[in-house]
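The structure appears below as structure tokens.
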Amino acid sequence: INNFPNLLYSQNKESEQPRKQSKRVELSTMVEGGATTLADKTQFSECWKITSKNPYIARLAFSAGIGGLLFGYDTGVISGALLYIKDDFESVKNSTFLQEIIVSTCVAGAIVGAAVGGYANDRFGRRKTIMAADALFFLGAVVMAAAPVPGVIILGRVLVGLGVGMASMTAPLYISEASPARIRGAMVSTNGLLITGGQFVSYLINLAFTQAPGTWRWMLGIAGVPALVQFVLMWSLPESPRWLYREDHKEEARSILEKIYPAEEVEREIEALRESVEAEKAIEQSIGKGTISKLKGALSDTAVRRGLYAGVTVQVAQQFVGINTVMYYAPTIVQFAGFASNSVALALSLVTSGLNALGSIISMMFVDRYGRRRLMMVSMVGIITFLVILAVVFKEASVHAPAVSAMESAGFGGNMTCPASLNIGGNKNWGCMKCLKAGCGFCSNAGSQYQPGACLIGDKVARSACKVESGRTWYEEGCPSKIGFLAVILLALYIISYSPGMGTAPWIVNSEIYPLRYRGIGGGIAAVANWTSNLIVSLTFLTMTETLTVAGAFLTFAGISLLGLIAIFFLVPETKGLQFEEVEKMLRDGYKPGFFRKAGDSEGGK
């Protein structure tokens with residue numbers, strides 16, 4: 001997700017093949033979050049020239065790319081909507097588990113949607129699968145916007161999750177197969193940017209509707225608009241030429257290629273497509289077409305097993321560094337830091353989403369220069385560092401939280417005083433944090449929010465009574481803190497460390513680490529590991545903050561990240577600059593770890 005995201009890395013290696021073979025080898029790995037290719041500056045400038053001359057290509061890519069935008073929007077919008085859902089439903093406010101379910105069911109739906117999308121792509125085609133995803137997006141948005149109870153919101157989240165999973169498999173594939181080969185990298189890269197862009201837009205929409213009647217209903221429901229737009233656009237667009245050719249609709253495939261390529265290039269592209277499809281069918285015959293037979297073959301191959309050790313390691317590590325706790329719960333985390341206002345929390349959360357999108361661009365610039373493994377290891381060091389400092393900041397904020405004053409609480413009347421605070425007497429250790437942990441709310445001192453305040457029952461009556469008094473602020477998630485701003489800065493530094501390295505490099509590694517004949521099944525296993533890890537993290541974060549405290553939760557992620565760094569050091573080779581055959585030979589011969597080992601230094605390298 002957080003994606004992005006969330007990425008299919010499709011790399012055209014035709015320049016590495018002998019010209020006399022006249023073969024284009026296009027290697028695609030189906031994974032979470034769309035598609036990204038490491039397109040260089042030449043590809044982007046060429047892309048601009050070609051699409052300006054032939055707007056039809058831009059129309060195809062833009063129409064399918066809306067799926068990436070919806071992917072990012074629907075995974076990011078819940079972070080802000082959750083704040084207002086809690087205000088409307090006391091059952092959600094009082095249940096951490098219910099909050100986690102509302103957030104994580106989208107991820108659970110995406111796991112199923114990705115599997116369904118893979119089948120639907122082959123069975124019904126890319127275009128129909130995208131339109132089916134749009135129908136799910138639209139239906140889910142309407143269901144959530146009209147939800148009378150939390151259970152209906154959960155149903156809507158499952159529906160949009162199915163759409164997210166299908167879009168993650170299909171949108172980048174359609175763009176890749178409907179783009180000219182020489183600009184395919186640049187065209188597909190836009191899908192990855194649209195995912196992170198969609199997350200950023202979701203934060204902007206959340207902020208825009210903070211004062212509107214219905215707040216969260218607008219936030220969740222507005223996703224139906226781009227889904228409807230994409231459905232209409234895709235209705236008038238053709239199917240992928242590759243799928244048509246494989247299904248023996250060769251004349252239809254030719255007519256589409258004639259609209260994409262100059263007349264003098266069409267025959268060459270038809271020949272390349274024929275050879276590619278024949279090669280794909282030959283691979284299926286050699287290892288079997290069924291998933292079970294492919295899986296058995298993959299696990300019995302030494303190079304594939306070692307590739308899976310590396311591929312699954314980086315995908316699991318990507319999620320267990322805690323990135324989606326930030327993307328799904330960013331406003332809540334900001335409130336943990338002492339910013340009580342929903343609108344302020346949303347505004348500050350824009351920083352994390354914007355930096356995540358920026359990091360994706362930075363990664364595209366540097367990953368081929370410095371290597372995948374090096375970027376990941378440097379990224380992990382930064383992640384661990386800032387997670388530890390975050391834990392220290394939250395611990396210090398907790399220790400120095402304002403005390404609870406029995407006199408302040410009594411000022412609101414005995415019927416509003418939190419029952420757990422009635423017998424505190426002069427106990428100075430009983431402060432704001434213990435008040436919140438008891439399920440109550442903290443009403444800050446009217447003179448200064450850092451002075452002893454009142455601990456009141458956490459209902460709407462007490463909340464309103466606190467807010468109506470001038471100078472008082474109501475706190476439910478975190479306590480007033482003089483160092484809360486440091487948490488926001490550290491979250492930004494954490495994102496800066498994560499996004500260029502662990503944000504994108506794991507997907508690139510998984511596109512390069514498996515032998516061609518097992519690239520699909522290898523990437524699929526790694527993608528399932530990523531989605532499942534994502535689900536576990538999003539489903540347990542709030543429970544961790546209650547059980548271990550916020551500081552303990554971040555420290556736990558730091559410890560897991562340290563284990564991930566060690567695993568990357570020993571299990572993940574550098575694939576920069578190596579052809580696929582060299583990567584396979586390196587894995588088969590055995591990989592020797594080194595801190596910043598360059599491509600080709602390991603056994604089996606160049």
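Cβ coordinates come from backbone N, Cα and C, glycine included.
The list of residues near the transmembrane segment (60-85) in space but at least 6 beyond its ends in sequence, with Cβ under 8 angstroms from a Cβ of it, reads 1-6, 33-34, 51, 92, 99, 102-103, 106-107, 126, 130, 133-134, 137, 140, 150, 153, 157, 160-161, 163-164, 167-168, 170-172, 174-175, 178-179, 187, 190-192, 194-203, 205-207, 210, 215-216, 219-220, 223, 226-227, 229-230, 233-234, 237, 260, 327-332, 335, 342, 345-346, 349, 353. Annotation source TrEMBL lists transmembrane segment at 60-85 (among others).
Here TrEMBL flags 60-576 as domain 'Major facilitator superfamily (MFS) profile'. Looking just at the domain 'Major facilitator superfamily (MFS) profile' (60-576), the mean pLDDT is 88.
Annotation comment: TrEMBL describes 97-117 (among others) as transmembrane segment. Panel annotation: around the transmembrane segment (97-117), residues 1, 30, 32, 74-75, 78, 82, 85-86, 91, 129, 133, 136, 150, 153-154, 157-170, 328-329, 527-528, 531-532, 534-535, 538-543 of the same chain, lying at least six beyond its termini, place a Cβ under 8 Å from a Cβ of the stretch.
Under 8 Å from some Cβ of the transmembrane segment (129-147) lie the Cβ atoms of residues 64, 67, 70, 74, 113, 117, 120-121, 153, 155-163, 166-167, 169-171, 174, 217-218, 220-224, 227-228, 230-231, 234-235, all in the same chain and six or more residues away from its ends. Among the features that TrEMBL reports, transmembrane segment is placed at 129-147 (among others).
What TrEMBL records for 153-175 (among others) is transmembrane segment.
Residues or ranges marked as transmembrane segment in TrEMBL: 187-209 (among others).
Listed as Cβ neighbours of the transmembrane segment (215-237) (distance under 8 Å, sequence separation of 6 or more from its ends, same chain) are residues 59-60, 63-64, 66-67, 69-70, 73-74, 77-78, 80-85, 87-88, 127, 130-131, 134-135, 137-138, 140-142, 144-147, 153, 156, 160, 163, 202, 205-206, 209. Sequence annotations record features per position, and here TrEMBL assigns transmembrane segment to 215-237 (among others).
The annotation transmembrane segment is assigned in TrEMBL to 336-363 (among others). A Cβ distance under 8 Å defines the sequence-distant neighbours of the transmembrane segment (336-363), meaning residues of its chain 6+ beyond its ends; these are 2, 4-5, 36, 76, 79-80, 83-84, 192-193, 196-197, 199-200, 202-204, 206-207, 210-211, 326-327, 330, 375, 393-394, 397, 473-481, 484-485, 487-488, 491-492, 495-496, 498-501, 503-505, 545, 550.
Taken from TrEMBL, the feature transmembrane segment covers 375-394 (among others). Same-chain residues lying 6 or more positions outside the transmembrane segment (375-394) and placing a CB less than 8 Å from one of its CB atoms are 314, 317, 321-322, 336-337, 363, 366-367, 483, 486-487, 490-491, 493-494, 496-498, 500-503, 505-506, 509, 549-552, 554-555, 557-558, 561-562, 564-565, 568-569, 572, 595-596.
Listed by sequence, the residues of this chain that lie at least six past the ends of the transmembrane segment (483-509) yet keep a Cβ under 8 A from its Cβ atoms are 4-5, 7-9, 29, 31, 33, 36, 38, 192, 310-311, 314-315, 317-318, 321, 323, 326, 330, 333-334, 336-339, 348, 351-352, 355-356, 358-360, 362-364, 366-367, 372-373, 375-383, 385-387, 389-390, 393-394, 396-397, 400, 530, 572, 575. If you look up TrEMBL, you'll see 483-509 (among others) marked as transmembrane segment.
The transmembrane segment feature in TrEMBL is assigned to 521-542 (among others).
Counting only same-chain residues 6+ beyond the ends of the transmembrane segment (548-572), those with a CB under 8 A from a CB of the stretch are 309-310, 313-314, 316-317, 320-322, 325, 333, 336, 373, 376-377, 380-381, 383-384, 387-388, 390-392, 394-395, 398, 478, 509, 541, 591, 593, 595. Positions annotated as transmembrane segment by TrEMBL: 548-572 (among others).
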